[in-house]
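A.B. asks: My structure is below; once you've seen it, I'll send some questions.
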Amino acid sequence: MVVEKSKAMPMAIKKTNVETMKKAQRKKKLAPYLFVLPNLLIFLIFIIIPALMGLVYSFTSYNGVSDMKFTGLENYIRLFNNAEFWKIMLNTLIYAALVVPLVFAISLGIAMLMIKEMKARGLFRAIIFWPTMISFIIVGLSWKWIFGDSFGVITYLLEAGGLPPIKWLSDPVIAKITIVIATVWARVGFFMVIFIAGLQSIPASYYEAAQIDGANRSQLFWKITLPLLKPTSLLVFMLLIVESVKAYPLIFSLTGGGPAKETTLIVQYIFEFGFTKSEVGYASAMSVILFLLIGIFTLIQFKWAEGGKID
Amino acid sequence: MTQKAGFFTYLALILLALIFIAPVLWIFISSVKGPIDLYSWPPKFLPDSLSFENFTAAFSKGNFGLYFINSAIVAVSATILTLLINTMAGYALSKFRFKGDTLILFLFLSTLMIPIEVIMTPIFTVISKLGLYNNLLGLIIPPAATPMGVFLIRQYLLTVPDDLLEAARMDGAGEWRIFWTIIVPIAKPVIAVLTIFSFMWRWDDFIWPLIVISDPSKYTIQLALANFIGEFRVDWGSLLAMSVVTMIPILIVFLIFQKQFVKGMATSGMKE
């Protein structure tokens with residue numbers, strides 16, 4: 001940190017102060033715009049404009065190369081009649097409906113254990129946080145290595161324990177469970193950290209007062225912990241919904257979306273049409289529907305958290 | 001609530017720790033097995049002798065060194081850019097009142113809910129039009145404006161007293177200097193949080209490179225791994241070794257910023 005000494009002569013101090021303050025005021029007005037500009041520009045160019053373009057594409061037959069032709073609602077009508085699309089949408093919803101509450105409950109539970117006074121707390125936190133730092137591609141790979149039919153160590157352990165083998169990756173129902181388990185394993189640490197931060201911000205005096213009034217443990221949790229965690233919970237819910245859309249790499253490397261598209265989620269499907277099949281217009285219509293779904297869930301969350309403010 | 005941990009808490013945590021660490025350990029152990037130990041049935045939990053064959057193979061045959069360098073260039077420069085522009089934006093949105101500030105904040109927060117995966121086809125058009133296709137810059141610049149980053153920094157800076165900044169202005173400090181000499185040092189813990197996240201996001205990213213890069217000489221590690229998986233006969237030895245090496249830089253970044261990270265997470269915007 002460099003702090004320059006004022007070079008002004010003592011006599012001139014008063015006058016320069018007034019002038020510099022005026023100048024500072026003017027600069028202060030302009031400053032926030034300049035500070036926010038780089039971020040805002042990137043934002044507009046790479047998020048807002050593409051989002052709007054996607055909306056436009058969804059009403060066209062654009063294939064990524066040639067001129068786009070306006071086709072009205074054709075893509076949407078085609079989508080509504082596409083059974084495969086709805087199956088994959090359902091896969092995505094089932095996946096999110098399992099991942100969101102599971103990760104929420106488990107990471108909150110672990111966070112509540114972790115804020116207790118104990119030895120080796122840092123080590124425990126680091127171990128649970130560690131999977132969070134591993135890329136989804138590698139998480140998928142690791143789980144494939146562990147759950148694989150012919151070389152997976154879990155398969156061996158089951159066999160050694162006299163249990164029937166489980167088709168972790170090739171049974172339509174079990175494969176769905178496997179991708180959920182892998183996701184929970186990979187994400188719990190991240191949300192644990194957020195919950196720890198939230199829990200630590202609840203004043204201890206609240207608990208003490210309630211305990212004096214004779215509240216038991218479950219009352220403490222439902223009447224104090226959970227309500228006061230609302231802002232944190234809202235953030236966690238929002239992030240989790242987004243995360244469950246982003247699971248494509250994990251599934252790509254774990255099951256490849258199979259068997260028979262049973263673990264294919266919507267992002268993989270959009271990618272398939274948008275890039276592999278060059279049906280950009282059609283893929284964009286899928287994106288719009290996905291976006292609307294995310295929006296609806298977010299609104300429900302906000303309604304639920306009314307009173308839990310963001311700032 | 002500072003309770004002391006009892007026996008059952010320890011028991012639960014030890015069990016959890018085992019569940020969480022076992023898969024990673026298994027990858028690490030498997031990566032130093034020779035081909036015979038690697039595919040033996042029943043699986044050998046510990047190899048008879050250490051073999052680093054997998055690692056040398058990944059670097060010599062797999063061109064892994066190049067992908068590693070590409071990933072490093074992208075992750076490091078994208079993180080620096082992210083830190084700079086997100087801290088600037090977070091500062092503006094927490095410490096200034098200006099026309100349009102709520103609108104801009106709303107824009108940032110609403111896009112927290114648009115994962116880029118949703119808009120990947122139009123993003124591809126924008127990337128190509130700007131000449132960023134098959135260009136590492138295309139992996140560095142666009143993802144630098146993260147709504148999450150702006151949000152974290154803003155929440156953290158809201159707790160900084162305005163008087164501090166006013167005092168500096170009275171002393172004639174310019175806005176840019178206030179930013180560097182007051183805001184950045186104060187925000188160190190939350191910047192550490194963002195450093196770890198940003199590095200993780202970029203280092204681990206798959207979808208964005210998949211969209212932007214097609215030239216194998218510009219592959220990042222994650223793309224290379226995915227390509228390996230896609231091959232007909234999976235070379236598990238190299239794959240496991242690459243996975244292990246890929247985890248190391250993140251571990252290093254985490255260890256460097258860990259102390260600040262814990263402090264930052266405890267104070268960044270999770271409060272009422």
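Note that Cβ sites are derived from N, Cα and C of the backbone, with glycine treated the same way.
TrEMBL does not curate its annotations; it predicts them automatically.
Note that the structure is a prediction, hence the values are computed from the model and not measured.
Pulled these features from TrEMBL for this protein:
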DOMAIN    B:68-257  domain 'ABC transmembrane type-1'
TRANSMEM  B:7-29  transmembrane segment
TRANSMEM  B:64-91  transmembrane segment
TRANSMEM  B:103-124  transmembrane segment
TRANSMEM  B:136-157  transmembrane segment
TRANSMEM  B:178-201  transmembrane segment
TRANSMEM  B:236-257  transmembrane segment
A.B. asks: Between the stretches B:64-91, B:103-124, B:136-157, B:178-201, B:236-257, which one has more Cβ pairs under 8 Å with the transmembrane segment (B:7-29) than any other?
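C.D. replies: Selected stretch: B:236-257, with the most Cβ pairs under 8 Å.
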A.B. asks: Which stretch, B:64-91, B:103-124, B:236-257, tops the Cβ pairs under 8 Å count with the transmembrane segment (B:136-157)?
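C.D. replies: Per the Cβ count, the answer is B:64-91.
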A.B. asks: For the transmembrane segment (B:236-257), could you work out the same-chain residues 6 or more beyond its ends whose Cβ comes under 8 Å from its Cβ atoms?
C.D. replies: 24, 27-28, 30-31, 33, 35, 38-39, 53-55, 57-58, 61-62, 64, 68, 72, 75, 192-193, 195-196, 199-200, 203-204, 221-222, 224-225, 228-229
